[in-house]
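Participant: Before anything else, here's the structure in question.
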Amino acid sequence: MSEQAEIGVIGGSGFYSFLDNVTEVTVETPYGPPSDSLFLGETGGRRVAFLPRHGRGHHLPPHRINYRANMWALRSVGVRQVIAPCAVGGLQPQYGPGTLLVPDQLVDRTKSRVQTYFDGEPLPDGSVPHVIHVSFADPYCETGRQAALRAARGQGWEAVDGGTICVIEGPRFSTRAESRWHAAQGWSVVGMTGHPEAILARELELCYSSLALVTDLDAGAESSEGVSHEEVLRVFGENVGRLRDVLFDAVRELPAADARACGCATALGGQDLGLTLP
Ligand SMILES: [Zn+2]
């Protein structure tokens, strides 16, 4: 039981280091190793698995994260609902540093990342996943989004309800031209890690929602000087404490694992997958 969890949080040591009795669990997957061990602990009676997205030493850049292994590893310890905090840049002047946004849409501008389990490539156990097309019109779990919004409100941090996150390949930040283009589309924030996490979660029938913390105004947003890594780290550090409070409240707000009423749990529609989900 100590090696099982019902809720997954993708985020670093700033989120779990203060929990008591944290169990470190190493998980193997057919896709290779995840970013790090899973760190399992309990909060408010809920079993949570934390996974440092970039590895505990933050050595993995966004484009080298093994997203398939990460999501598979979470599901294999029992996780069915995932909350994924991430640092983003604001594309609109009203979304300055310190803004918390709970996106309801995303635009995929990544280039090199494998974003499906169903690619017809044989797995080490000899099974061959079928080619399956999954509905992704609404990429985030609405139940998870509402839990996050309630949690933020409860902490006195009025989060932006909805908006579009543009996920770029990185690790570089955008040029001014790219950033102006993203802003002109009306997209809200830009980040490097929200995808393919979201679609891989859907393909594993996991609920997935995001808490996007704005750490800077992107290069194309009005009055921006351009983005520096130091500034991103500084603003993230200033907000990590209250982000953690919101995150833990959101975990407690999520429905019980066997009481999910959203469509995430049946996203694959009972099709023959050609592989067995963990
Ligand atoms: Zn859901």
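Each residue, glycine too, has its Cβ placed from N, Cα and C.
Pasting the relevant annotations from TrEMBL:
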- 6-250: domain 'Nucleoside phosphorylase' (DOMAIN)
- Ser13, Arg53, His54, Thr193: phosphate binding site (BINDING)
- Ser174: site 'Important for substrate specificity' (SITE)
- Met192, Asp216, Leu217, Asp218: substrate binding site (BINDING)
- His229: site 'Important for substrate specificity' (SITE)
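Give me the structural setting of these features: burial, nearby parts and distances.
Facilitator: In the three-state DSSP scheme, Arg53 (phosphate binding site) falls into the coil class. The Cβ of Arg53 (phosphate binding site) has 23 other Cβ atoms within 10 Å, all protein chains considered.
Within 10 Å of the C-beta of Ser174 (site 'Important for substrate specificity') we count 23 further C-beta atoms, all protein chains included.
Secondary structure from DSSP puts Asp216 (substrate binding site) in a beta strand.
Of all Cβ atoms in the shown protein chains, 11 besides its own fall within 10 Å of the Cβ of His229 (site 'Important for substrate specificity'). DSSP gives His229 (site 'Important for substrate specificity') a helix state.
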Participant: Given the binding-site residues Met192, Leu217, and counting only Cβ atoms in the protein chains shown, which has the most within 10 Å of its Cβ?
Facilitator: Leu217
Participant: Counting other Cβ atoms within 10 Å of each residue's Cβ, which of the binding-site residues Asp216, Asp218 comes out lowest?
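Facilitator: Selected from the binding-site residues Asp216, Asp218 on minimum Cβ neighbours within 10 Å: Asp216.
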Participant: Rounded to a whole number, what is the top Cα to Cα distance in Å among the residues the record ties to substrate, namely Met192, Asp216, Leu217, Asp218?
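Facilitator: Value for the max Cα separation, rounded to a whole number: 15 Å.
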